[in-house]
Structure formats: C-alpha cells, structure tokens
Amino acid sequence: MMHNLLPFAGWLCLALAATLVQGSTENERKPYIVYMGEAPHHEPRISVMDKHHNLLLKAVGDENIARESKIYSYGKSINAFAARLLPDEAKRLSGVDGVISVFENTRRKLLTTRSWDFLGMHEKLKKRNAIAESNIIVGVLDTGIWPKSPSFNDKGYGPPPAKWKGKCDKGANFTGCNNKVIGARYYQLDNTYPIMEDPTPVDTDGHGTHTASTAAGIAVKDSSLYGIAKGTARGGVPSARIAMYKVCWISGCSDMDLLAAYDDAIHDGVDLISISIGGPPKEFFHDPIAIGAFHAMRKGILTSCAGGNEGPMLATVQNVAPWIMTVAASSIDRQFTSKIKLGDGTTTSGNGINTFSMKNKMYPFTNGAHATNLTGNYTDRNISACDYGALSQDRVKGKIVYCLGEAGQDYTIQLLGGAGTIMATDAPQDYYFLTLTPAATVVRSKDGDKLDRYINSTKKPQAVIYKSRTVKMNAPFVASFSSRGPQLLNRNILKPDIAAPGLNILAAYTNLRSITGEPSDKRYSAFNFMSGTSMACPHASAAAAYVKSMHPDWSPAAIKSALMTTATPMKIRDKFGELSSGSGQINPIRAIQAGLIYDIDDRSYISFLCKEGYNSTTIGLLIGGEQKLDCSSFKPARGTDGLNYPSMHVHLNSTESRIFAVFYRTVTHVAYGYSEFKAKVTSPKGLSITVIPNTLKFNRTHQKQSFKVLVKGGLMKNGTEILSATLEWSNKEHSVKSPILVYK
C-alpha cells in the first residue's frame, strides 16, 4: 500500500535500530533462515526439530550457543528453521547435504463499494454457488484484522468448514474470532528491531482489515468515508471465511514471520492465500513468499501477490515466481474532485479526497512566497513548496495556502494553524492521499498558475475548498505507481500476470488508527480509501476464490489461467502495454466459463526448474518424501520458456538479437461436449507468428490438445522496445486470449 509516513518518534526508533544493525560486526549474530524443502510427511515434528538442532549444533560447535541461537522450527509443510548465525556458520550450513538455501532474514513492506460493480460482480449476482463459497477460506498475510468491523459480522453464518484446523490467538484489543473471521494468528519471531507494539492479532494499521474486507467482507449498506463514495461496500466473495495471519508490524514484515505464517496457513486448511507485501525480487528459494507459494501450490492452494508500487519504471515488478499470481493495480471508473472557489467568483477544481466541509463562505488566500518566515535563515528550504520551517505562522494562520508540489504540505499548514491547503503538481495524479486540512491538488500549468496570478494581483485574495464529490472517468488503465515488467529472474515469463482495481479503493478500516494515521487527526471511520497493488491483490484473490467456488477441482494454475485468458484489455494503454497490465483486468464472470485452460502441475514446475539450472539434489528436497527423485525423473521442459504458461514472452538479450522463439502449449477443454477452436493472431508489422495446428477439436470435457507457436522477426528498430501481439482461440461461445510480447 502507499502509506502515510510513520509518526516521527516511531521512525526515529526504527532509524536508530537500523543504524545499530548496519553497524554490527562480522562477529555479531544475525537471523537467518535455513531452508530444506518439503517437510517429511511421516515424521513427527519433534523429530524434525531434533534434526534442525543437530544441524545447527554441527555448524555452531557449542550446545548452549546452538540452543540460544535457535529461533524457530518450521515443519508442517515446509522443512526449515530460523537461527541467529555468524556469516561463517551460515556459509557452513549452506554446504550441508539436505540444505537448499541459507539466507539472511530481511524485512519487506506493505504495498498499499464500486470496484466489484465495475468488474461486473453486482451485489445481486445470480451466478454464485453460495454453499461452496461459504466453504472457501481466504488466508490473508497482513497487519492483522479489526474483527469489530461491520464487514466481518457473522450473522447467518454456520460454523467454520470441517476442514479448518486453525486457531485464534488472544491479545490486546482483540475481541476474538467468529464464524466469518475464523482464524487470527500473529508472529513476532524477529526481535532485531525493538518491538513497540502489543503482541496481538488486532489491526492497529488498517491495511489488513482493508485487504481482508476487499476480498471477503460482507455487504455493508451506506458505507462511505464521511459521506464520500456512499454505497454498499463488500468483498468479491462475501460468503467466504477469512483467516488472518499477522506478519507485519511498524518495523515491516519479517521473512521469518512470513514463512511461519505460510507453514501454518497451508496446514490450517486455507483455500487461497492473499499477500499484499513485497520487496526486491530474490532467487526463488531465498524468498519466503516464493518458497511458501511453492509448497502451497503443491497442496492445491493458489497464492495471489501484489506486484509492487515502484512504477512507472520498468523492471520493478515483484513477487515473480511463475506459481504466484502477480497482480498490477488498475483503475475503476470514478475519481474524486473538490471545487475551489475564489473571491472574485471564479471556480476551478482539484483532485483529492477532502472529507472537510469548510464552515465559512470564504477564507484569506495566500501562497508560500507571501507567507515566508522572515525571522530565520531558511535558504535551503523551498518557500514556494511550503517546506517545513519556511513559513511564518502569523502569515499562515486561518488562511488557505497554495503550495508547489505535493509532499505532505497539509501537515505543515495544520501545524501553523492554516485553514486549508492547495497543492500543485506538474502532471495529473491518479492516486490521492488523505490530508489533515481541507485540501485539493491542481495541475500547475492548467490551474495552479491562475491561482498564483490571482493571489499576486488581488489586494485581499480569498478562497474556499469544497468537500470532494465523485466524478466518472474512462477506465480501466494501469495506475502510475504499479510496478512494470519485465522481470529479471526468468526473462521469458511475463509479469505481472493480471491487473485488478487498486486506485482509491474504499474498504473496511480499523478503529485503532485515524484515517491518515497521524495522532493529531481526530477522524476515525469504519471505512477508508487506500491505493496500491496491495488493494489490487485482494481483488484478484477474491476473483480466484469465486472461480474456485464454481470449479472446486481446478488446480491453482487452472484458476490463474482462466482469469488471465478471459481478462479485459486495458481501455487506456500506456507505452509499456502488457509489461504494465499483464493479460488485462480481471473479469471473474467470464473466467468461470473459460472454455480452455493452460494447466500446470507440480511436476511441470519441477521440469521448469531443472531447465533453469536447479540441481538434482535441490529438486529431490523440494519434492520431499522417501522416493529419491532428480531432474532425470521428469520430462524435459521444452521451448523458450519451458512452461505451459497462459502468456508468452520473448526477452531479447541485446539490441543486435533477431527475434526467434518457440512456445509449446497444451490446453485442457473445460466446456461441455464437442468444441472446435480456431486460432487468430493479431500482430504488428515486423513480427511473424505461426500457430501449429491452427484448429483444435475436442470431443469431451478435460480432453487435452497441444500446439506450438513460432515467433520470428528481424532486428527491432531503434526506439522500439516492445512488440505486442495476441493469440486468440475462439468459437461461438468462448474467446481464450494470450498476450505475446517481445521486449528489447
């Protein structure tokens, strides 16, 4: 999520802690995770823990130090342990037979009504299987949950599904679980940073409550933020159950906690896992999210992940393992504007979410240049941008202040007793921050310069900012902040996979934090707006849960394929095309009637890993069990990407490379009776695409047919980075689309 800044005191403590850690010597122990693959199926957990201790003892060489260094043993689905190690001990363990990887614990960050209507899933949608949906358990790894939210009322719910093995931890301000929120755990394995929060599954941040309700909150009528965007807030699968795993605190989301939550969630019986958390991409088996998702996939559980908020720069996408559904953030068809009226009667408007209704008809209006603090030396401050310390309280108090840029100036204006803030950016912004004063953001060249001229040419300039209102806009498009591909770990797998609404999403919120997160803010609300791929991820998770409720026998890859091949193309495309949006925006209603799916089982993923260079020892440990398997035990992966993926991607290694790729694909027929699908290719000039065969005939459900796609072309022209094409298999009832993208 795109979050407001931490309160200063908390930030200072964290900065000091980080400095202490960074200043540590090679003789200081740091937390590491020792990953050993699949947990033994027929071995008691106590036996697994003993083996972990013995491994650690061999590396450390001292019984007491080994016991003190041990932090945690994973062992339900994932064979691993966490311990405080010296660098040479970590290196020693990484060379031990049976160990796949040893990696230092890091901290990751969070990536943060109308959206479901926009996606076609209306409140009274008839195409639902309510009984199957109520047996779906969505596991959410996040900041905890506020169970008192009206979105989690369990009226009318029966007991948790019989498969549920989870539990409900106790803690401060946590009122317990119910038949809607059936599980809530918290994890605090890493004490490298000072723990400034109570050990509790309750949500003191708001992020976890927001994502959980977006996925599976019940319908709550007349929901809004102080009257803005009033309507019915609900999740995509409102009958489903929620299991919350709190892994994120003020200091971030620890790798050790993430892996522990995954280990529990798989064992507890969740059907899907939703993770709105990210960090720089790591090699798969040094990444707890990729590791957890792999073991979840082997148990039939799909993981949906936020793709990152580092856009619009290329090669910033996160959570890129092919067994993960990686989600970009797109828009819905509404934005929020606030009218600004000047003392001379002229009006303009700015974007933003302004919950305030100003009491007076007009307020004195000034700008940074006219409100300068003349008593201090602030030559390093930008006066026009209203930098902290640059303005005089006497010249700001009671006035609306116009400031260049958008960098939290409302905080400064509030401290100085200002009445409101108008900020100016160089280009329109698609996401909004909640502010501490009445506020709006204008585009400088369009409206900002007019405001400046009015202030400079008027003896007593005045203005007023009105409360925000909802305005329709063209959609969907990919949010500016959403991370773009290409991903660099597996260059021929296109990421992100898909896009879902993540811009200015209204959903449930905690009662333990103000709507801006600032202690000085006295506004609290049961619902709040947030933006980020954090918000897109639970939309995709819920869409996957909806498909699963209709097709409980489908694999994680089948569900992902159905969502990708039926996605809606972006109405407004940016210059990076599918590197921004993947296959397009989710269309859950179409996904349940996909026609054809590109399925991938765990053996196919193993073949892919063998093609990627993982050794036979690693493969055997990943699979687990008594049978000794290596790469020779699996059918070799073929083609440019080596995987039966729903999209096709060619990443050229240099500007001098000619285009050539071959993709081998197998589709499974999931419609009924006889069907015939014909291939249609849409491609740009300079790209030749051949599909062999170009007709597929099916006589029964679940029948499989294979084909190959040849992609050829010369050198890409200077200035051309992307060539985008589409393969569509269609008949009268179905359209199954795959993007084909060439990137230089």
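Cβ atoms here come from the backbone N, Cα and C positions, even for glycine.
Note: TrEMBL annotation is automatic and uncurated.
Keep in mind that what you see is a predicted model, and the values were worked out from it rather than measured.
Here is what TrEMBL says about this protein:
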{"type": "ACT_SITE", "residues": "Asp142", "note": "active site, charge relay system"}
{"type": "ACT_SITE", "residues": "His207", "note": "active site, charge relay system"}
{"type": "ACT_SITE", "residues": "Ser534", "note": "active site, charge relay system"}
{"type": "DOMAIN", "residues": "32-110", "note": "domain 'Inhibitor I9'"}
{"type": "DOMAIN", "residues": "134-569", "note": "domain 'Peptidase S8/S53'"}
{"type": "DOMAIN", "residues": "643-742", "note": "domain 'Subtilisin-like protease fibronectin type-III'"}
{"type": "SIGNAL", "residues": "1-23", "note": "signal peptide"}
Other CB atoms within 10 A, centred on His207 (active site, charge relay system): 27
Cα-Cα distance linking His207 (active site, charge relay system) and Ser534 (active site, charge relay system), given in Å to the nearest integer: 8
Same-chain residues at least 6 apart in sequence whose Cβ lies under 8 Å from Asp142 (active site, charge relay system): Leu110, Asp203, His207, Gly208, Thr211, Ala212, Met244, Tyr245, Lys246, Val247, Cys248, Ile275, Ser276, Ile277
Secondary structure content, the domain 'Subtilisin-like protease fibronectin type-III' (643-742) (per DSSP, counts of residues): 0 helix, 62 strand, 38 coil
Count of other CB atoms lying within 10 Å of the CB belonging to Ser534 (active site, charge relay system): 33
Counts by DSSP class (helix H/G/I, strand E/B, coil) across the domain 'Inhibitor I9' (32-110): 31 helix, 28 strand, 20 coil
Mean of the pLDDT scores, which run from 0 to 100, over the domain 'Peptidase S8/S53' (134-569): 94
